[in-house]
Every structure is written in structure tokens, then in C-alpha cells.
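Trainee: Quick one: the structure is below, and I'll ask about it shortly.
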Amino acid sequence: MKYDHLLVRYGELTLKGSNRKKFVNQLRNNVNKSLKGLDGFVVKGKRDRMYIELEDHADINEITYRLSKIFGIKSISPVLKVEKTIEAMSAAAIKFAQQFEENSTFKIDVKRADKNFPMDTYELQRELGGTVLKQIENVSVNVKRPDHEIRVEVRLDAIYMYEEVVPGSGGLPVGTGGKTLLMLSGGIDSPVAGMEVMRRGVTIEAIHFHSPPFTSDQAKEKVIELTRILAERVGPIKLHIVPFTELQKQVNKVVHPRYTMTSTRRMMMRVADKLVHQIGALAIVNGENLGQVASQTLHSMYAINNVTSTPVLRPLLTYDKEEIIIKSKEIGTFETSIQPFEDCCTIFTPKNPVTEPNFEKVVQYESVFDFEEMINRAVENIETLEITSDYKTIKEQQTNQLINDFL
């Protein structure tokens, strides 16, 4: 079947009333960015639907795949656009039915947005179904559990007919919900947290704390790869890599061993808070899950949050670990996240970290040293990378160069 359009159905943005135009425009911009590099199509965003007009050479499978990854899209269908006549609809219905397997069942489903069309829904269903039965042998009607469903949408401008409905990612268009800073550790949880907030229309930049030589270049490249996977959905993402060795060593020098984990997280939050204001973000996002580890109890969260007035969003707060793993596999980050390269959260880990830290004690331990200068120095020396979906690490670039030189 040669389709001439893709029908793109909006997600929750259809509920946005007077703000709908803003959401539709943002989604259209996101679609154009996602489809960059492809040709043979024209995007037409309308109030209730988006239509993508296809030329003969358009790569419909690649276009559909990319659309399915864009937040704000509920579903996509390859469609035939036909004239608003029963003859044109009947001819298209026969085209669809000619693709059916022998002895298969079908159903005609009609949605009539144009209430002025001369035939009502049931008349159209009977007429088109009857035409298929007359013209195509060895098929029958089954309205409850059909093998095939020919869908007909009667709209003001034309008739759109299709069979396939490809699920989209749902949610809201990224860019409609403000900017946040994602604390990206390299584990399983934080990439999922980032994906969850992006699904709500939020733009992210990411921050990663790197402590060489205790953490390796492989750990850094792992985080770059996780950011690249996230960027496949939304376009370029800025990754801010913080030199954290000096701060982490100082914490372990002056803070009681059982409190070093709590204090380390507080230092991370203080650095993140300064960066939030620099980049114009409105919140900090992390992958914390309530009660999962010592640093993620309510007592710990209270002690850590106290260093910032910036809202801290925890989209995975109540998830079971298995739920997070399933989502990680769905979005494609799991295999990268489980690579065995230590991040700064796993080094210097005390044997018995306190699970219910006393806030006054944390402050007392940290008061013996003024960390502000170190924090400012860490912020000043941040390395910022813009990660795109085709970003290559330095190691990959060097490998490619060696191959090219050899050839």
C-alpha cells in the first residue's frame, strides 16, 4: 500500500484549551527537528491533528519511527487522503481489502467530524462494508474481533482512511514545561527520571560529578552515552561535568565516616543549585527512590535538601526497583547503566552509612571547614558538552580516525 500522508494524533495537549496553539507550535518545531536530515515530506500542524504530506520517495518507516519517539504524540497512522465521495472511499476500501489474508475478517469503523456530510456513520459503514464483500472473495465481517479494521475519518477538508495505528510516546511536547537540571549519576535510576520529566514537556540539562582518578574515563563516557540516548528523543542536551575530586576528598577528611555520604550529597546539591541559577533552570531532578538506599530515606532527603531553596523533583520516588528497571529497558538505557564503571557515589562509601542523619550533626561536621571556595571553584571549572543523538566520545573519534588513516 502506498500512503500519501501520515496522520499524527496529539497527546494531552488537546486538553490545554486556550494554550493549545502554543503547544501545537512547540510540537511542530520538535517534529521538524526530529525529522532533520530526511526529505520528501511537508509538516502541516493543525489545531486538532498534524498531517505530514508524503512524496513518493519519502522514507515512511523512518519518519514514523522518529515520530513515535517524540513526546506529545499519542499515535501515528499512515493514511490515504481521498475525495469526499462514496466512490473514492469505496475504491480506497478495496485497496485496503486487497491486502487481507484469505479467509480473514474485517470491520469498517467511521468517525464523522464533518456533520454536514450527506451520509451518516452507519450508512457509510454499511456501504463500504458491502462494497468490500462484493469485490473481495474469501473475507467476512466481524465487528467484535476483526483481523483487520479499515478506519475512515470524515473531516472538513477530506476523507482519511487507514488501518494501522502506531503508538506514540504520549505526554507533552518538550519545551512547554520549563527547564530543569538532571543529576545524572550513570546508574539505572537517573536516566529514567530524566525521561519521565521530559515526557511532561520539561527541557533538561544534565550535571554529572566526576572524581578522577577515583572514577575512570569510562565512567565519564558512560554518562555521555546515557545523555546521547536521551538526546535521541528531544535533540541536543547540555551535559555539565563537575570536577568533584577536591570536594569529595575534603568531605572524607573532615566529616564523620558515617555522615560522609550525606555530606557528599549536600555538596553535590550546593554545586547543582549554583548551576541551576546560571542556566536559568527552575528545578533540580534526580532519580532518588524513597527508602531504597541509605541516602534516600526521608531523614536523608531532609538533610540534603536543606542546602537549597530550589525545588527538587523526584519522579521515581514511589516506584519499585523492578518498575524502574523495566522503564530503563524500554527507553534503551539499561544496558549502558549496568556497565561496571564506578561513579563518585560509589567510591569512599562508608561501611555503615547513617540512614537517619541528624541534621544538626551534619551541619556541625561541615562547619569545621569552609567549603564555599571549593564549591565555587568546582562550578568555575565545569566542562560543558552539547550531546547530540550522533555524538561520539573522544575514544570513538580516535578509533574512527585510526581506521580512516589505515584505509
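FYI, residue positions are counted from 1 along the chain as it appears here.
Glycine too: its Cβ is placed from the backbone N, Cα and C atoms.
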Trainee: Pick the one from GLN135, GLN250, GLN296 that Swiss-Prot also lists for the ATP site with MET183, LEU184, HIS208, PHE209, ARG265, GLY287.
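Mentor: That ATP site, as Swiss-Prot gives it, pairs MET183, LEU184, HIS208, PHE209, ARG265, GLY287 with GLN296.
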Trainee: Enter the number of other CB atoms within 10 angstroms of the CB of ARG265 (ATP binding site).
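Mentor: Excluding its own Cβ, ARG265 (ATP binding site) sees 24 Cβ atoms within 10 Å.
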Trainee: Restricting to the record's ATP-binding residues (MET183, LEU184, HIS208, PHE209, ARG265, GLY287, GLN296), give me the longest CA-CA distance in Å as a whole number.
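Mentor: Among the residues the record ties to ATP, max Cα distance equals 18 Å.
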